[in-house]
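Listed features, source Swiss-Prot:
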type: MOD_RES; residues: S2; note: N-acetylserine
type: COMPBIAS; residues: 32-47; note: compositional bias 'Low complexity'
type: TOPO_DOM; residues: 190-358; note: topological domain 'Lumenal'
type: TOPO_DOM; residues: 380-729; note: topological domain 'Lumenal'
type: REGION; residues: 385-411; note: region 'HVR1'
type: DISULFID; residues: C429-C554; note: disulfide bond
type: DISULFID; residues: C452-C459; note: disulfide bond
type: DISULFID; residues: C488-C496; note: disulfide bond
type: DISULFID; residues: C505-C510; note: disulfide bond
type: DISULFID; residues: C566-C571; note: disulfide bond
type: DISULFID; residues: C585-C589; note: disulfide bond
type: DISULFID; residues: C601-C624; note: disulfide bond
type: DISULFID; residues: C611-C648; note: disulfide bond
type: DISULFID; residues: C656-C681; note: disulfide bond
type: REGION; residues: 664-675; note: region 'PKR/eIF2-alpha phosphorylation homology domain (PePHD)'
Amino acid sequence: MSTNPKPQRKTKRNTNRRPQDVKFPGGGQIVGGVYLLPRRGPRLGVRATRKTSERSQPRGRRQPIPKDRRSTGKSWGKPGYPWPLYGNEGLGWAGWLLSPRGSRPSWGPNDPRHRSRNVGKVIDTLTCGFADLMGYIPVVGAPLGGVARALAHGVRVLEDGVNYATGNLPGCSFSIFLLALLSCITVPVSAVQVKNTSNSYMVTNDCSNDSITWQLQGAVLHVPGCVPCEKVGNMSRCWIPVSPNVAVRQPGALTQGLRTHIDMVVVSATLCSALYVGDLCGGVMLAAQMFIVSPQHHWFVQECNCSIYPGAITGHRMAWDMMMNWSPTATMILAYAMRVPEVIIDIISGAHWGVMFGLAYFSMQGAWAKVVVILLLAAGVDANTRTVAGSAAATTRGFTSMFSSGSKQNLQLINTNGSWHINRTALNCNDSLNTGFIASLFYVNRFNSSGCPHRLSVCRSIEAFRIGWGTLQYEDNVTNPEDMRPYCWHYPPKPCGIVPARSVCGPVYCFTPSPVVVGTTDARGVPTYTWGENETDVFLLNSTRPPRGSWFGCTWMNSTGFTKTCGAPPCRIRADFNASTDLLCPTDCFRKHSDATYIKCGSGPWLTPKCMVDYPYRLWHYPCTVNYSIFKIRMYVGGVEHRLTAACNFTRGDPCNLEDRDRSQLSPLLHSTTEWAILPCTYSDLPALSTGLLHLHQNIVDVQYMYGLSPALTKYVVRWEWVVLLFLLLADARVCA
């Protein structure tokens, strides 16, 4: 048995009454009645060594090593913490005015503002603040606040999805930079430039003022698919394209003023990165894009028609040119890399202090990727080119066999009270496509066309109408007299509906734009096979334009020999429409309104003011088109391919300058390896593969070139967004939410 005294239970009497340690928020404490300063040593990660005066004191409860916590995000939206953007005072007063009780909605631990960063702080502040204000409204505040909070959580889910999709890398900037950069490295299909001549519109390759993005003294950044045309005094001259969207006044002009801009961009981005204000600089850079206007150094006009008639190119020359450009990207990168040693010497000798400062700073930081970007950026300034091969000799194409004659029909036109129709005795309404009537259409050589000049005298050319402006509008209430003259391209048809089969002679053709024959049905749409003999047999022609509907319009002949039409609503090309002087466009009216395409405004067989869809009963419905020429075409409507033939009214005596050309939205067939087949005196809005421009034949009116030679240094596009993205990358600007 041990002789040691039995330990006594501690009570208030036998316990030494020593003052307890009192700790202060600043880190100091009172030990033995003496205030001790906060412990020395590192703040985080390592325990400080106890001083000699502290070693005799009892060690308190072991505190865990404090961890470094992000200072942003956790305090957002919690009670007692201020709202960002100085919104606390405003929201507090607004809540007090709206609800005397001043109750604040409870978000709980899932407050969207807890996970906000950078741009997300602004977004979540607005959405959550709106939800708080909704909750302050008396009586209905609870349901409205709940709905608003649900919307705020939904926005936060979208932001989290964006962060996850972009990789959620530290800073979140590099991944978004790569995504945006990939979207910029493209060779886009350029838009066709349109010139307003005050009376009509015409196609051109000259850049409009809206197409000029940025101007330097000797270079211009513009949208792809045009060439700047500068007017100096009374002379207009085309600039030299060095890429699809960069042009220079003379060779070498691009490098004269670009070095200063490179210095400014690099030094600004380096300072933003060094001062840790990359987010602020990036926001200022992005916001400035809305207000900065390009300086006006030049007067650009649309009078040159640059490269519109380049001359013919042989297939051998196109193959050689494409073979020389098999690897333009590798060649460009190799040329840049080979110039880096020379560029370093040029930077020092040329006193490019901005580039030198950026190279020095990012080298000390170990950001070698940014060093490479700056070197390649500087290397691209001094690049030049040398012509290797000369231009190919132009080849000519004869006029022989250019047009094929149309079909002829032995019919006679009758004028009854000013209305023209086919003689009733020539009609056999029961003929079908399998009888001898179709054969007679093509083998009868005589046609009495003496009434055609009188009949077509009421038809007007497109030049007779006023030019359009503004947004296209549809005319749903087309009211034409009984003889609405469908043989004139500019007479719009009435809306399609239900047509009794007994009033129709022959088949009903509808245009998708390919011609299709519509069969008879009953009122419910069930097909009937009685040749329209029953009174209940009808043609259901109701439809809207493709691709939403079935057809653009329909044509048939009634039992008295009159041609009838119906179609989708035509387009109003002017807000101040006047029926006597203005055009209700039922086709492609490019020369009066650049937005009036056949896809938007087409109402029947007329593809252009001079061309219509060819179909077996064309000469029965439109006998005065007997001398039209036939062309094979291909169109895409809503992703569906249509191969059909078109009949066009064009002879060699008709004018066909640029201002006389209509637009045909075709996917052209090929005449040869370098030539597209288009409708006569039109143009297709598909640019050439190599230049992005329109290249037409000056003498042959149905040829458009699909390939053109260009003095461009590179086929890739230099976009203004590249400059913004490089600045954001160098400045460490983060754009994640």
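Just so it is clear, glycine is given a Cβ too, placed from its N, Cα and C backbone atoms.
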For the region 'PKR/eIF2-alpha phosphorylation homology domain (PePHD)' (664-675), the number of residues DSSP places in helix, strand and coil: 0 helix, 3 strand, 9 coil
Of C488, C624 (the disulfide-bonded residues), the residue whose Cβ has the fewest other Cβ atoms within 10 Å: C488
Cα proximity to C505 (disulfide bond), best match among disulfide-bonded residues C429, C496, C566, C624: C429
For C656 (disulfide bond), the three-state class that DSSP assigns: coil
Among C452, C459, C496, C589, C648, the one of these disulfide-bonded residues whose Cβ has the fewest neighbouring Cβ atoms within 10 Å: C459
Rounded Cα-Cα span from C510 (disulfide bond) to C554 (disulfide bond), Å: 4
Neighbouring C-beta atoms (10 Å sphere around the C-beta of C510 (disulfide bond)): 25
C-alpha spacing of C571 (disulfide bond) relative to C601 (disulfide bond), in angstrom: 5
Largest tally of Cβ atoms lying within 10 Å of a Cβ, found at which of the disulfide-bonded residues C585, C656: C585
Using Cα positions only, nearest of the disulfide-bonded residues to C459 (disulfide bond) (C566, C571, C611): C611
Cβ-based isolation winner (fewest other Cβ atoms within 10 Å) among the disulfide-bonded residues C429, C505, C554, C601, C681: C429
Cβ neighbours of C566 (disulfide bond) where a neighbour is any other Cβ within 10 Å: 25
Reported mean pLDDT - the topological domain 'Lumenal' (380-729): 76
